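Below is one structure, written out as structure tokens; comments come after it.
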Amino acid sequence: MEKFHAQYEMLETIGQGGCAKVKLARHRLTGTHVAVKMIPKREYWCKLLMFEAELLMMFNHPNIISLLQVIETKKKVYLIMELCEGKSLYQHIQNAGYLQEDEARPLFKQLLSAMNYCHNQGIVHRDLTPDNIMVEKDGRVKNIDFGLSTHVKPGQKLNLFCGTYPFSAPEVLLSRPYGGPKIDVWTLGVVLYFMVIGKIPFDAASIEKLRKQIVAGKYSAPCRLSVKLQHLINLLMTDNPELRPTVAEVMVHPWITKGSGVFPDPCEEQIPLKPDPAIVKPMGHIGFQAQDIEDSLRQRKFNETMASYCLLKKQILKECDRPIRDQPMNPSVTPFPSLVDTPTFHLGLRRRETEPTGLRLSANRQVSVCGKSTSKKRDRSFIWPGVLSRPINTTPTMDQTHTRTRSVPCIYSNVCTIHPNSIDESTEGHTSASAEDKPVHSRGWPRGIKGWTRKIGNAMRKLCCCIPSKETSHLGQSRVCPKK
């Protein structure tokens, strides 16, 4: 218990199952919110839920929920997973009524990508319902529940009846041995119907009537649907499983490939096998070892190191997309970065030679996880220093070793410069950075004659050790005199 609470702050309950609770928690190091499934160590239920955890450990796909860490105590097992910030597909459709075909297509393509990935891994879902699918704010789809999933071998037949009745395939309701992947295809048809119609295709007042409807495979399809979409739905919900297509075959259907035929990037892995040096280096400043980070990711240890890396990466990517705030935040206010109070700096900061080198991204280039980039129209650049440890008692100076504290990690957010070339042009007219320069504060540089007079006066005072400087420290940081 202490091991868990040392890393996470438990918040409210966000889900309740038959034998496990799902809690919202905050990662203390990064301030990132996560979902935590708490599994009591009861022999029967624990085995079933731990099998789901084993499946999640196998997965690494952008449309499948990511397991980040497993913490085991005497009484409970904690599964720390990424938090999906959005609504279930059921809620999404309820709010919209139904989706237009062009709205449903990108969501359904993500479902196909996830199911094709699972089937290639020898996993069948068996309970793919709108309640088990999340739609995030950016339109990304996530499959979140694999509680009824199982391994299958090619050609293997299953006998266990499980799933949600209105979404079950006819062969399951007839208590016949069934092929796992084919029942997932049927369920995809029911889900697609629900997305574009706003209701499920089979509905009856009793279980027996519902069973007869599903076995007969009879349902109504509105005329407003395109011919290609009607054909796809009929194909997915073919009552004979032998004639039902595979997910791979569905992915090349004309309705699916209409417009952009691009599926989610298969190389966009949630948990990379090779760490990014831009994240490894700052993690070293707060106590992590580079070799441990590499081993944890490559071997998928699901430990504290692996979780911290993934959450730091997620927060950095989120910061890259976050708009720049109008007012700078005081870095000394919040000891740990959080979603509420992340330190930011004013526009137009000048990076001096002694500041840590950051990763410079241009807003007209969108860098993908695979290293590819696409062009955008805007011409704006971001300085992304990555994850840095905030210096408390020292200020970066020329030709001095930088002292960093490991007790107060901090993630600096983006610094936007509207005209990148203006930085170089403005710095050419000034003298090079030296130990006598005044630190760059969020309020900006002194302007006008008075500002330069004050700046020169402070520099002269520091040249003479007997004359104390009138400058006071800002943001809780003290000045460090240059070495003689």
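Indices start at 1 and increase along the chain as displayed.
Cβ atoms here come from the backbone N, Cα and C positions, even for glycine.
Taken straight from Swiss-Prot:
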ACT_SITE  Asp127  active site, proton acceptor
BINDING   Ile14, Gly15, Gln16, Gly17, Gly18, Cys19, Ala20, Lys21, Val22, Lys37  ATP binding site
COMPBIAS  423-434  compositional bias 'Polar residues'
DOMAIN    8-256  domain 'Protein kinase'
DOMAIN    274-314  domain 'UBA'
REGION    423-447  region 'Disordered'
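A map of Swiss-Prot features onto the structure.
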residue : record                       : CB count, 10 Å
Ile14   : ATP binding site             : 14
Gln16   : ATP binding site             : 10
Ala20   : ATP binding site             : 20
Val22   : ATP binding site             : 18
Asp127  : active site, proton acceptor : 20
What Cα-Cα separation, expressed in whole Å, is found between Ile14 (ATP binding site) and Asp127 (active site, proton acceptor)? 21
Could you tell me how many residues in the domain 'UBA' (274-314) are helical, how many are strand and how many are coil under DSSP? 29 helix, 0 strand, 12 coil
Rounded Cα distance in angstrom between Asp127 (active site, proton acceptor) and Ala20 (ATP binding site) is 18
Can you tell me whether DSSP puts Ile14 (ATP binding site) in helix, strand or coil? strand
Which three-state DSSP class does Val22 (ATP binding site) fall into? strand
Restricting to the domain 'UBA' (274-314), report the mean pLDDT as a whole number. 89
